[in-house]
């Protein structure tokens, strides 16, 4: 009896290592490094060799990616603004989000998708703006073409989204491709879903040419939609994310519940249920909801009942300066007065034990 138990204890550390992802630094931290490309490439912890090579070889692309981090994190925070976990970032943490993304949850799925989408968007935009030496406008969009409105000429600058997707796949997926575990496959799937989401909203824009504004000739180009459209789309995918398990040969997924539909390449997938994010929990990486503003009249996720997890709330009476009495003056200005507005602000109470908790 002792021998089998001894064998179990011997293998337990290896089993836990396989099941639990390591707290790794990430290219997400590029936002915080700043400085020259060489400084950035050499000082972002956790980049694998192929990522560092791309970083040194394409400093202009890296600048676009690092500037784009702020954009997709802001979009993540916008989408989660009314939820207990609000996509808060930790400036001093190399993983940007701390331990909360160690869990293979819906939130992890969304962050990987929106970050991958953000890289595509940032690179493609930089190409169109002439900020990247290795790419420019889409070279395939030349000559004449036809759509439902008739013949048109490709002109202007079509966003070269294929280059953005190709570079994003090579850079973002590099670390995950070195892994063989379930979490690596989950991240790769959600990375791809994010890239596809940006391309989904590529739209054709046209300009008419002719006498008195007639559309005798049309010049058209392809342009990415505002990143908010991608964020809204991925938010819907987050709410419909599909829980999966690894298949028997370890090469893909199968649904965790046979009542679920099989995930497509556009869906987000996750393995583990999310924590409730109610209290500060060091192991889960949760900051809790103590002090968060809640909506007393809402019945949604931002309601005081849901946001505060039943702990109650404090009410503060505050005043703020607002614009009032606005009038339109010909021509062409709107003039307003500054008014003081009194309002009540409701914030979630802290739990009785407000310190970090460690689950037993």
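Just so you know, glycine gets a Cβ as well, placed from its N, Cα and C.
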Worksheet item: Between 24, 295, which does Swiss-Prot record as N-linked glycosylation site?
Response: 295
Worksheet entry | Fewest other C-beta atoms within 10 angstroms, as judged across 76, 135, 309, 326, 331, which are the disulfide-bonded residues | 331
Worksheet entry | Spatial neighbours of residue 308 (disulfide bond), counting only the disulfide-bonded residues 278, 294, 332 and Cα distances within 10 Å | 278, 294
Response to the item:
Same-chain residues at least 6 apart in sequence with Cβ under 8 Å of the Cβ of residue 336 (disulfide bond), in sequence order, are 323, 324, 325, 326, 327
Item to complete: Determine the Cβ neighbour count for residue 304 (disulfide bond): the number of other Cβ atoms within 10 Å of its Cβ.
Response: 22
Worksheet item: For residue 309 (disulfide bond), which DSSP three-state class applies?
Response: coil
Practice prompt. Pick the one among the disulfide-bonded residues 157, 208, 215, 220, 332 whose Cβ has the fewest other Cβ atoms within 10 Å in this structure.
Written response: 332
